[in-house]
């Protein structure tokens, strides 16, 4: 599959292959490497040749604002070398095709955006519940509402041009109430201006990088090795876009896009939240669907505020295999794997390749960078396709570098990219956001938007890459080296193979390598669902429940039920059974007896679980810490797995109607 996506606007300049032998890392001979078999390489839309290199090298001389020359150059060399290896690998696989995607018509992407956000009824007939859409819109922040309004107006203008007579509501009417200077959050707190603490670390978390200038273009590369840095908190309680507005307003006396590159690579952390941190996978599917819709609107609002264009890509329709290992959609692969191993969430071949690499030891020098022989990889692919599932494949024949090459081949031959076809450009354009903190916020939202199987597989890959980096002293693979090697494999996609200039190819190289670097370095933060989004989901659920109750009361009245009797039934049964300040914890699959637990300021979810495990009878005796989990169910949330540091009294105040249930495994 020959594929390569293009990016518009990531900042990069460097020298192309022939020129880079001098300008990027010296000649092959100086590094003791075999020369490339050809000075020309074409892979999908990616082109390297002598003539085009000459044009690039005619640009003004290279200028650097830091002294990281050799390290940066060698890192970029890893990127170009990986592309050459991919090209050689593709020559040995004949079952590939290139698909060029037609640019979408005006307004088409905005329509798709509104559909993904669950707001398709704003521009025409839809199966979406209009009442649900109104509830959704009523919970949006000012910047989120503006993002929706902008897309609706674009679609409206497009439909008028096409003479389509659709009634399109003016969303300004919907958000007329949201013009106050302060907003109430779903948990009752106020959204205030966040300019006070958010800008203290502005210069520290701005671009920490070395810069490369050719002509009027500028390349931003991450620092090759992180140096100790102060820790900056990530505010998850206030909308990222609202934070950006406040930061932008408070930065009027200085340049919005700070050009200071002297800061060290920033370190971020998530402050402890008394109501508990919510991770992807902690929520019930119906609430996770709402989270994804809100994440899309928030991501778009953030890009709008920062003046960065966010365009979804429309994946081209291509023929895909319905069985096998390589070139098979992840969903199909997982379905056939789950027939063999029920409950598995990551493709078995992917897990096995990582396991095989680790069996050889992660201290091997050049791991992931040194490829296996192309012909050998082709033969191993064919043998794996035939023998993997029947268990007759001989893994002793797979060398460590072979397994690494097969792993990268698996990722890049996915019919749709691991990072998702629709938002791949958004991942690339993260590089255009002004600060590292905002880049991290955008990546957080983009990870949430990924399909479950893509997200789970990406998580397994990033965790493996971190284990490789943990052995960098011996394997010589720093986070930058790994990012440069892996970026071409994750960001090249045949469904997005639009023609692009070589200038843009350089732009893509820096942008994708930077994004890969961020994904690896900050992976522990990216699977967290921001609290402000969880609060918006709680508010949506509360509003929906109010409307459901009103409808039910009308129905009961018509059926001549006694209203007083209904109200008694409507009360939470726990209120009658449990004294004030006490919660009842149930474990229906583990114990017939529930526990009554007194709430205190210090009581945590871990204390509740410890008390359950300390019982001297029943199945609790056979369970250990880490095998049971406490859930918040009902009230203003569908279902939520609690982290052990959740303070129960604070959460009870946020959701007093919830039930508390212990289960043996997370959903």
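Cβ coordinates come from backbone N, Cα and C, glycine included.
Within the listed segments 158-211, 320-373, TrEMBL records region 'Disordered' for the stretch 158-211. Checked against TrEMBL, the range among 220-245, 246-271, 272-297 recorded as region 'Disordered' is 246-271. Computed over the domain 'Rho-GAP' (328-527), the whole-number mean pLDDT of the model equals 91.
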